[in-house]
Amino acid sequence: EARRQRRLLLGGVCVALLLDNMLYMVIVPIIPDYIAAMRGGGGTAGPSAPAGGNGSGGGNRSLLPARYPPASGSNEDVQIGVLFASKAMLQLLVNPLSGTLIDRVGYEAPLLAGLGVLFLSTTTFAFAENYATLFAARSLQGLGSAFADTAGIALIADRYAEEPARSRALGTALACISFGSLAAPPFGGVLYEFAGKRVPFLVLACVCLLDGLLLLLLAPPGGTGARANMPVGTPIHRLMIDPYIAVVAGALATCNIPLAFLEPTIANWMKESMGASEWEVGLTWLPAFFPHVLGVYVTVQLAAAYPHLQWFYGALGMAIIGASSCLVPACRNFGQVIIPLCGICFGIALVDTALLPTLAFLVDVRHVSVYGSVYAIADISYCVAYALGPIVAGQIVHTMGFAQLNLGMGLANVLYAPVLLFLKNVCQMKPSHSERNILLEEGPKGLYDTIKMEERRG
């Protein structure tokens, strides 16, 4: 029964992560036309071409990624770029606070609060009638994500404390994140085309509400009183200066830069360099879902057989990302582009699946086994890449060129891969010594700490 409840809880958290990433990407084919309609550009739920050339007109618009920020630099294009980046920016600012709060009050309440904010954000998107409301909805999503994503991942790490179950559970969450990001643009575009602009958001809002009710039944805040008997988590500023955690955070940020910077720029490059059609541009990233899931599966299996090589799986993933990123500018048609993009997503799966459980292990052996702050640091790493992408990537392409952008991102990943050698001996660390030292240094702060102190003395 306990295992069944744990699986249901994992499913609820995965749905929350799926919803957050679907909301993040579902606006990609909708927002340019949406903003054009608000400004009287003629874009409505019917066929139209978004201002700045962001769409094709007619039904093909439904699969088109938004072009943000394009080289034209018009005011409307800047608005779209800022709108897309606002979620990650606010999430970046809130994460240090959300991690600390999660460590203090537990995982359940912040997770439910984050889902509530995501529900409000999704509903606001559905009924927005001006740019300011859209910006508020997007920023609200960043606030909700800072709590829901961090608390959800931390809750998984806490409930799946043993390996390899923890790696499998986190791998499942990563697969849901990937599916949500890649399936959202076609989902949103098709519903927007045939059912109207509000329907995609209302569907996501209903699923969010149902998932929140499920999680409320499975993990009611303060229902067991277990939080009072858990240790006090290590402050986030102390985790940030831990060299091992800093290396992992740097790897997570670096490996996601190619994805974050290519999403807003590759559509224009494909049209200009190879004359890609609208359906080719719209389906550019969809095949990459399968190698991402494959990368998650392979890493989980390897980690179960050879857990001491987690650092190597991450380094290998960064090398693959670097090589794939450098190959993108050499592609001459749609079929060729798919190959390096699949390589990038496969490499990201290796890095994320290997290093997210490593963060939990580092907290177990070097600090206190409370995971809110450490996964807030991981979320900050992701947000650094995705906050810069919609605003910075287009400017780099405009001033230096698309090829130079990819070569720089590839070189950064290849150069960072050897840094993960620093994690080579992490698996040899012993939890008991670290936990004992922390407890002796800080003194008992609750029933759990007191019991542990007595066990150590005994």
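Counting begins at 1 with the first residue displayed.
A Cβ is built for glycine as well, from the same backbone N, Cα and C atoms used for every other residue.
Caution: TrEMBL annotation is automatic and unverified by curators.
Quick look at what TrEMBL annotates:
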{"type": "TRANSMEM", "residues": "7-31", "note": "transmembrane segment"}
{"type": "DOMAIN", "residues": "9-458", "note": "domain 'Major facilitator superfamily (MFS) profile'"}
{"type": "REGION", "residues": "46-70", "note": "region 'Disordered'"}
{"type": "TRANSMEM", "residues": "109-128", "note": "transmembrane segment"}
{"type": "TRANSMEM", "residues": "140-157", "note": "transmembrane segment"}
{"type": "TRANSMEM", "residues": "169-187", "note": "transmembrane segment"}
{"type": "TRANSMEM", "residues": "199-218", "note": "transmembrane segment"}
{"type": "TRANSMEM", "residues": "239-262", "note": "transmembrane segment"}
{"type": "TRANSMEM", "residues": "282-304", "note": "transmembrane segment"}
{"type": "TRANSMEM", "residues": "311-331", "note": "transmembrane segment"}
{"type": "TRANSMEM", "residues": "337-362", "note": "transmembrane segment"}
{"type": "TRANSMEM", "residues": "374-397", "note": "transmembrane segment"}
{"type": "TRANSMEM", "residues": "403-423", "note": "transmembrane segment"}
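Counting only same-chain residues 6+ beyond the ends of the transmembrane segment (311-331), those with a CB under 8 A from a CB of the stretch are 251, 254-255, 258, 262, 266, 274, 295, 299, 302-303, 337, 339-344, 346-351, 353-355, 358, 402-403, 406-407, 409-414, 416-418, 420-424, 426. Non-local neighbours of the transmembrane segment (374-397) in the same chain are 68-71, 81-82, 84-85, 87-89, 91-92, 95-96, 98-100, 102, 145-146, 149-150, 153-154, 157, 236, 239-240, 245, 248-250, 252-253, 256-257, 259-265, 268-269, 356, 359-360, 362-363, 367, 404-405; each lies 6+ residues outside the stretch with a CB under 8 Å from one of its CB atoms.
Same-chain residues lying 6+ beyond the ends of the transmembrane segment (403-423) with a Cβ under 8 Å from its Cβ atoms: 243-244, 247-248, 250-251, 254-255, 257-258, 261-262, 265, 310-312, 314-316, 318-319, 321-326, 328-329, 347, 358, 393, 396-397. Taking pairs at least six residues apart, the transmembrane segment (109-128) and the transmembrane segment (169-187) share fewer than three Cβ pairs below 8 Å and do not count as touching. Mean pLDDT for the domain 'Major facilitator superfamily (MFS) profile' (9-458) in this predicted model: 80.
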